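Here is what TrEMBL says about this protein:
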type	residues	note
TRANSMEM	40-59	transmembrane segment
TRANSMEM	71-94	transmembrane segment
TRANSMEM	100-121	transmembrane segment
TRANSMEM	128-146	transmembrane segment
TRANSMEM	152-171	transmembrane segment
TRANSMEM	183-202	transmembrane segment
TRANSMEM	214-235	transmembrane segment
Amino acid sequence: MATEVDGPLKRVLVPILLPEKCYDQIFIQWDLLHVPCLKILLSKGLGLGIVAGSLLVKLPQVFKILGAKSAEGLSLQSVMLELMALTGTMVYSITNNFPFSSWGEALFLMLQTVTVAFLVLHYRGQTVKGVAFLACSALVLLVLLSPLTPQAVVTLLQASNMPAVVVGRLLQAATNYRNGHTGQLSAITVFLLFGGSLARIFTSIQETGDPLMAGTFVVSSLCNGLIAAQLLFYWNAKAPHKKKKEQ
């Protein structure tokens, strides 16, 4: 009976959540407090949870823009810099063969961020420029993932993520401060990004051991925390643009 149960359970957990030696340690030897294996299980579980959650993280932002038919309050420069950081993380992780659970959300967030950037351009009356942007983004990604791009360039792109994240978030913070409100910025998206970046500090250390990846998420958490704090501060602030148009 134990063997019958063990088979399906092992197929589910190994190697998605646990290496085989940890499965044996926990479920065969019943060492339920084996710290190294528990760390792996926690890291893998968090990582896969973040990847799954990333499928929906920016959809509230997309729907909020579509519903308002406006991208007011969103800094295009900030969105572009975030896109650059996500692309860098994804390309760097793929070329270094990091496990998908340690970076997978970058793929889905990148696709959603491209959508947000297009919508910002579209609602500014620059739809043609938006279409050209989509084509250029796809081309750049293909080149970065091709053998034509040296590893040194990919590493430099990842290293540039930290300043890109900082500048991008500061631009959004400055836009919020200048407007006196957060416009069409989605609270759900901002708080999910903040929580996800905090969790990624642990998973990147545990799964990749790469200080560049971990450092990027530390900086990202601080910057996302700043935007989250502004959302709370400006929670009841109203955008005055409609009144201005009527005068």
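Heads up, the Cβ atoms here are built off N, Cα and C, so glycines get one too.
Keep in mind the model is a prediction, meaning the values are calculated, not measured.
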(message) Please identify the stretch among 40-59, 71-94, 100-121, 128-146, 214-235 with the greatest number of Cβ pairs below 8 Å relative to the transmembrane segment (152-171).
(response) 71-94
(request) Can you tell me which of 71-94, 100-121, 183-202, 214-235 gets the most C-beta pairs within less than 8 Å of the transmembrane segment (128-146)? (result) 100-121
(message) Checking distant contacts: for the transmembrane segment (214-235), what same-chain residues at least six beyond its ends satisfy Cβ-Cβ under 8 A?
(response) 85, 89, 158, 161-162, 165-166, 168-170, 172-173, 176-177, 180-182, 185, 187, 190-191, 193-194, 197-198, 200-201, 204-205, 208
(message) What residues elsewhere in the chain lie close to the transmembrane segment (40-59), defined as a C-beta under 8 angstroms and at least 6 residues from its ends?
(response) 16-19, 22, 26, 99-102, 104-105, 108-109, 112-113, 115-116, 186, 189, 192-193, 196, 199-200, 202-203, 206-207
(request) Give residue numbers and ranges for long-range contacts of the transmembrane segment (71-94): same chain, 6 or more residues beyond its ends, CB-CB under 8 A. (result) 65, 102-103, 106-107, 109-110, 113-114, 116-117, 119-121, 123-124, 137, 140-141, 144-145, 149, 154-155, 157-158, 160-161, 164-165, 167-169, 171-172, 174-176, 179, 181-185, 208, 212-213, 216, 220, 239, 241
